[in-house]
Amino acid sequence: MPELVFFSGTMDCGKSTLALQIEHNRSARGLVGMIFTRNDRAGEGKLSSRLGLVTDAVEATDGMDLYAHLVDHLSHGGRADYVIADEAQFLAPEQIDQLARVVDDLGIDVYAFGITTDFRSKLFPGSQRLVELADRVEVLQVEALCWCGARATHNARTVGGVMVVEGAQVVVGDVNQSADEVGYEVLCRRHHRRRMTAATAHAAALSPDVLPVSPA
Ligand SMILES: Nc1ncnc2c1ncn2[C@@H]1O[C@H](COP(=O)(O)OP(=O)(O)O)[C@@H](O)[C@H]1O
Ligand SMILES: Cc1cn([C@H]2C[C@H](O)[C@@H](COP(=O)(O)O)O2)c(=O)[nH]c1=O
């Protein structure tokens, strides 16, 4: 049975790498995929991983009907044995419905990859719809870690290393950004709730308030 599978996890846990591996393994066996992406850091129409691999993809723009795109492709003699959708959190809920229709009406497997929640721990609309519709939700096996060593479950947005909680839901960016840039850091829930990033934890550890005081 064809499936809609949602591979989810925090930022930097290997989702795009897995998407590229699935693409590689299938194309090595002569299968042909249709790859969608949206707002990849490498630029429009790219699916990239931090391991340095990148492939061309179809940019899923606002209002684009992904089901109609597939039907048009197939009816013009194109082939699609499976579909990959990376950065699926950025897709509109209607586009997730269209991907479900690809599975049900065209009998094609769809593998979607994305982060579930934003920097405020709120579901992205596209991810919410995937959780609602997917046949399976798979959490990636490679755990991203919080600075404290616990499993990272949340995405923090940072400015100069300090966690922020105001701003637009969508701001394309990366982890390990330099000091003044807007960036992201993955944290465990405890430290996300306390807004404690690696930089602020380090600063607190250096503060005289928390240093052990030797008796005079
Ligand atoms: N220099 C490196 N050496 C080995 N693994 C790396 C290196 N850089 C990144 N990675 C791996 O790549 C993962 C990020 O992969 P990526 O597919 O870009 O993540 P995602 O799409 O989930 O944001 C990291 O969690 C890590 O496992
Ligand atoms: C938490 C969060 C993330 N984003 C952006 C930042 C990146 O461009 C992508 C995630 O990409 P990755 O391959 O999973 O690292 O999402 C955002 O726009 N808003 C957020 O709240």
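Quick reminder: no glycine exception, Cβ is built from N, Cα and C everywhere.
Other Cβ atoms within 10 Å of the Cβ of E87 (active site, proton acceptor) number 25 in total over all chains. Secondary structure at E87 (active site, proton acceptor), taken from DSSP and collapsed to helix, strand or coil, is coil. If you look up TrEMBL, you'll see E87 marked as active site, proton acceptor.
Per TrEMBL, the feature ATP binding site maps to G9, T10, M11, D12, C13, G14, K15, S16, D86, E87, A88, Q89. Counting every protein chain shown, 22 other Cβ atoms lie within 10 Å of the Cβ of C13 (ATP binding site).
The feature substrate binding site is assigned by TrEMBL to V170, V171, V172, G173, Y184. Listed in sequence order, the residues of the same chain lying 6 or more apart from G173 (substrate binding site) and placing their CB within less than 8 Å of its CB are R41, R157, E181, V182, G183, Y184. When secondary structure is read from DSSP and collapsed to three states, G173 (substrate binding site) falls in the coil class.
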Three states by DSSP: which one describes Y184 (substrate binding site)?
strand
Quick check: which same-chain residues outside V170, V171, V172, G173, Y184 lie with their CB within 8 A of the centre of the substrate site CB atoms?
R157, V182
Over the residue list V170, V171, V172, G173, Y184, recorded for substrate, what is the maximum interresidue Cα distance in Å?
12
Would you count the other C-beta atoms found within 10 angstroms of the C-beta of Y184 (substrate binding site) for me?
21
Select, from M11, C13, V172, each of the binding-site residues with a Cβ positioned under 6 A from at least one atom of ligand 2; if none does, say none.
M11, V172
